[in-house]
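Participant: Have a look at this one before I ask anything.
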Amino acid sequence: MTPDYASLPLVDPAGESGLVAVARKRYLLRLLVGRELNARYSGSFLGLLWSYFNPLTQLFIYWFVMGKVMGLGHRTEHFAIHVFVGLIGVHFFNETFNASTRSIVRNKAFVKKMALPLEMFPVSSVVVSLFNSAPAVLILSVVCLFAGWTPDWVGMASFLLAVAIMITVATGFGLIFSVANVLFRDIGQLVGILTNFVRFSVPMMYPFSKIAENFPNHIDTYLANPLANVILLMQRAFWVGTTSDPETVLHEDFPHHLMEHGLIALATGLVILVIGQVVFSQLVNKVPERV
Amino acid sequence: MSSDTVAIKIDNVSKKFTLQYHRTLKQVAVAAAKGHKVRDTFLALDDVSFEVKQGEAIGLMGLNGSGKSTLLKLVQGVMRPDSGTVRTRGRIAGLIATGAGFHPQLSGRENIYLNAAVFGMSEAETRRKLDSIIDFADIGKHIDSEVGHYSSGMGARLGFAIAIHVDSDIFLADEVLAVGDKPFRQKCMAKIDEIRTSGRTLFYVSHSAASVARMCDRVIVLENGRMGFDGEPEAGIKYLHYDDGDDDPGNDESAMGADI
Ligand SMILES: Nc1ncnc2c1ncn2[C@@H]1O[C@H](COP(=O)(O)OP(=O)(O)OP(=O)(O)O)[C@@H](O)[C@H]1O
Ligand SMILES: [Mg+2]
């Protein structure tokens, strides 16, 4: 019993909601994230090692199949790194998109009985994916160092900007699709199809110069996709530094004003995030009874 | 025990549920094309208003499907009303409809932390009370195995154990004891008594007239989502005709345990 009970205010028991409430309940968020990470790694024999093994094998496959077998790597220097950089970003987005879409349904036992801001679930999916991506970024850094990369400030800034864009876009989509998935179970399948397009919409298996070459009039459309900017910024942060002539590469394989485009993408991401929160708030009231 | 401070204020609350006949887009499209009904709505709570003072022990009664659990979910904040307002004062804890909000793939211990965090307990507070919670639930080594594999009684034991360890001002108990065994029910009754005498507000849902008569100083009866009765426990039980049947557990202590 709270001392001084009568001085407490009469409030709405549902409490506050929204991303702000999630930020205020960090302990609960930490528990949800920790639980997810534990569930993923604790039961398996090699545990955390798997999260290094998986990206490493992918790196090898792309280097061998696309670079050596298909010969795609002639034009692009350190083609495997170019692909790997893209892969990390694409994988992050697809994993988050899939996981956050299912996040509320997967926690339905909880959602039906407990009063908490439901934004908690898509947000924790994003945080979990961030943790899951860390090993791949570490491997990428090591590989790049071996390939002659020296980290630079502009590269670091590019990477941070890329992460910020990614977080806003992934959270925005996660908010929309997690509630939508409760109301229409088809959404999960739709997300599976959508994610197939992501890897081709970013400069991963081809350099940006291909777009500039083949679709010179549609560069703006291509760059309107925030994910394309994310991958370009990540290429700027890692891949450029491994090439023998960074100046030329920067000129040929990147749009002019890369940073400006990045900032516009961040603004797009923020708009997606706001739309996500609005849609979520509109639909969330029906979630506990429908899930 | 009640004071003048309002603990729960419910004003003209209605809750509408949608009965969804079809789930996937294809089913919805086909049904709509054939002119079948895709969904239907009904009022699970219909213009309910009342006020609860701090320290009151309310017995919430009514037939199956009359809206008791729904009302408690609104009070707990799990659901929001479609119209009207629900206001509460202080921390709320409790158990609504058998089985707490547990994550089936997590162990009992992990669920304690999660559940307690939702009720607003800090990590330090949970750690301090962990042994006591596990002790009260008394489910032995199962505490470290998946909750999904618990028997319904074990789930209720753990859920109740957590709920009573929250320093709550309002305690909701919805048929929590229906699946517990007799020793556990007695332990729980003692605990609920303690909550009652400590000046906390109690919301007690039960189909057992005897336990309501013993525990509560006011009875509210819901009938198809509407307020049917609000007043003295004896009169409320009479109103529901829960006092006459010969299969009623009656008033003796041992039978009362049968369907608390
Ligand atoms: N999520 C939901 N979606 C649709 N209808 C629901 C939902 N939850 C409850 N209902 C309906 O609302 C009505 C009230 O349900 P509620 O669980 O509140 O009843 P109750 O009084 O607790 O019954 P019981 O004594 O069986 O526990 C029932 O008709 C039930 O079918
Ligand atoms: Mg019920």
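In case you wondered, yes, glycine gets a Cβ from its N, Cα and C as well.
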Participant: Can you dig out which of the ranges A:221-240, A:261-280 TrEMBL describes as transmembrane segment?
Facilitator: A:261-280
Participant: Is it the case that the transmembrane segment (A:159-184) and the transmembrane segment (A:45-65) have 3 or more CB pairs under 8 Å, with pairs at least 6 apart in sequence?
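Facilitator: No; fewer than 3 Cβ pairs under 8 Å.
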Participant: Give the one range among A:45-65, A:77-93, A:126-147 whose Cβ atoms make the most pairs under 8 Å with those of the transmembrane segment (A:190-209).
Facilitator: A:77-93
Participant: If we skip the immediate neighbours and take only residues 6+ beyond the ends of the transmembrane segment (A:126-147), which ones have a Cβ under 8 Å from one of its Cβ atoms?
Facilitator: 29, 33, 36-37, 40, 48, 51-52, 55-56, 59, 78, 81, 84-85, 87-88, 91-92, 95-96, 99-100, 167, 170-171, 174, 238-239, 241-242
